[in-house]
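Structure record follows, encoded as structure tokens.
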Amino acid sequence: MHAGEAVQQLKKAFETVASFDFRDALSKASTPVTVVATNGPFGLAGLTCSAVCSVCDRPPTVLLCINRKSYAAGIIKSNGVLSVNWLAAGQAVISQTFAGVGSVPMEERFADKGWQTIATGAPYRMDAAVSFDCTIANIVDVGSHSVIFAEVVARNHAEECTPLIYHRRQYATTRSLAE
């Protein structure tokens, strides 16, 4: 077997890992629970997003990955602004609502007074562990998802809170090892 055949066999082996095995492996990694929201000329929308992380602090930038087929994806990209809200321990219902559980209409998802705006007009959750108000800096499409790079223009955070995380396909919280 020559090197080209070996590379092709490796590629094929990795392709078989894809969908189910990939998602199953990632379910064992804990992730913060976030809701991404937008409002602007193209409408009001939001979704629960598990793929969010920091990129750099100069300029302060985060990235998030959203399925291009989701209702909110096109609205978020068209508005050009968004908020990223890392939820606190008692906010699993908010996560479920924005994930589509219960088929709550989009406008009703934002009906309670916990949603406000800072700079861009994108709604942020006042009682979230952390909320960033952002403008979209870049979008890269990869497979089924859009990777959105968003520059942070304002922030809000709770003084004391326990974050909500998702681990092994269920909600959980963190606990300090020093206790």
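Placement of Cβ uses the backbone N, Cα and C atoms for every residue, glycine included.
Here is what Swiss-Prot records for this protein:
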BINDING   48-51, 65-71, Ala99, 104-109, Ser144, Tyr166  FAD binding site
BINDING   Ser54, Val55, Cys56, Asp57, His145, Tyr166, His167, Arg168, Arg169  NAD(+) binding site
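Set side by side, the binding-site residues His145, His167, Arg169 differ in how many other CB atoms lie within 10 angstroms of their CB, and the most is found at His145.
Under 8 Å, Cβ to Cβ, and six or more positions away along its own chain, Ser70 (FAD binding site) finds Leu47.
Here the CA atom of Thr48 (FAD binding site) lies 23 Å from the CA atom of Cys56 (NAD(+) binding site). Secondary structure at Ser70 (FAD binding site), as computed by DSSP, is coil. For Ser54 (NAD(+) binding site) paired with Ser144 (FAD binding site), the C-alpha to C-alpha distance reads 21 Å. Cβ contacts within 10 Å of Ser144 (FAD binding site), excluding its own Cβ and spanning all protein chains shown: 11. Remark: Asn67 (FAD binding site) has Ala73, Ser144, His145 as non-local neighbours, by Cβ distance under 8 Å and separation of at least 6 in sequence. Glu107 (FAD binding site) carries a helical DSSP state (H, G or I). Neighbour count (other Cβ atoms within 10 Å of the Cβ, all protein chains): 10 for Glu107 (FAD binding site).
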